[in-house]
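Student: Below: one structure in structure tokens.
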Amino acid sequence: MLRTLRFPTLSALALISCSLIASGAANAAELSEEELEARAEKAQTVLNDTAFYDRWNAKGAIDSPATAEKVKDAADKELSRVERAMKDVQAACTEKFLVNKCIDDARRLSFSREREIRRVIVAADEVIRAERVRKMEENRAKNAAAKREPPMKITPKEVKTDRPEPIRIAPKKPSEPSFPMKLDGADGRKASEPVDLKPKEVKAPSEPAGIQPKEVKEASLPALIPGSKVEVPSDATRKDLEDANEAWYAEKQAQAAQRQREAEERAEKRRKDREAKQQQFEKSLEERSEAQKRYEDRQKEKSSGLAKYF
């Protein structure tokens, strides 16, 4: 009976051990035990180091956009440093008896350092965004205070209002009839009397047709261009135009403010989404850690129950 229990138990333990050390076995095989220990100690120091977070998480530490850019570059390097340290610790854990516990402890520290570094990156991004918003507001105020060029002066076309005089056509004066020449015939015969021609009756000249002059309309006012001033007739006051310009400008300012509020709301929503994902990740990590702990406790109970057979 002892022989029957011993062989399956040893086989199960061997399979579990092989699956746990598979990830770091390649690196561990290339280094000696002393080198692994030395690298693991340095890596453990990196995973426990919170100097970067303590320095830049303080209030007012990131005081300018230039500093924020430098902090983001340093944060990227710090993330790479933590990642290398995690790999070194994982390689050293393959040489220990409790491989899973060693790797989980290192991974928990690695996640903590990465979370702190990302918080610093978010703070640096907020400083850069605030500076960008400040410049936008400054340019908007500068443009609003800039002196505007006077509008183009438009003079209405002059329209003649005098009625033209009608054209008077004088009647044509008929010419007097000519009398025939007295010619004696070549053969001595007396010339015939001229035909009695009566002058053509001349009618009285007709009156000119009554042509009505075209009605002249008043000149229309030029269209009002938004944001400009146009000379208007005397019945429109200067105050009315100024009120219209101020209302137009206030509407544009309100639209710009609305766009700014919408952009800030979108940024706030993205920030809340990131925080929710981070909390969900941390919760998942804690659940995995608790599951691993329960698994180890069950393994210890099984080992203590089978110890009397060895």
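All positions are counted from 1 along the displayed chain.
A Cβ is built for glycine as well, from the same backbone N, Cα and C atoms used for every other residue.
All annotation found in TrEMBL is predicted automatically rather than curated by experts.
Quick paste of what TrEMBL says about this protein:
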- 139-166: compositional bias 'Basic and acidic residues' (COMPBIAS)
- 184-204: compositional bias 'Basic and acidic residues' (COMPBIAS)
- 259-277: compositional bias 'Basic and acidic residues' (COMPBIAS)
- 283-303: compositional bias 'Basic and acidic residues' (COMPBIAS)
- 139-310: region 'Disordered' (REGION)
- 1-28: signal peptide (SIGNAL)
Student: Do you know the DSSP helix, strand and coil residue counts for the compositional bias 'Basic and acidic residues' (139-166)?
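Tutor: When I sort the residues of the compositional bias 'Basic and acidic residues' (139-166) into the three classes, I find 7 helix, 0 strand, 21 coil.
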Student: Summarise the compositional bias 'Basic and acidic residues' (283-303) by DSSP state, stating how many residues are helix, strand and coil.
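Tutor: Breakdown, helix to coil: 21 helix, 0 strand, 0 coil.
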Student: Using DSSP, what is the helix/strand/coil residue split across the compositional bias 'Basic and acidic residues' (259-277)?
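Tutor: Across the compositional bias 'Basic and acidic residues' (259-277), DSSP assigns the residues as follows: 19 helix, 0 strand, 0 coil.
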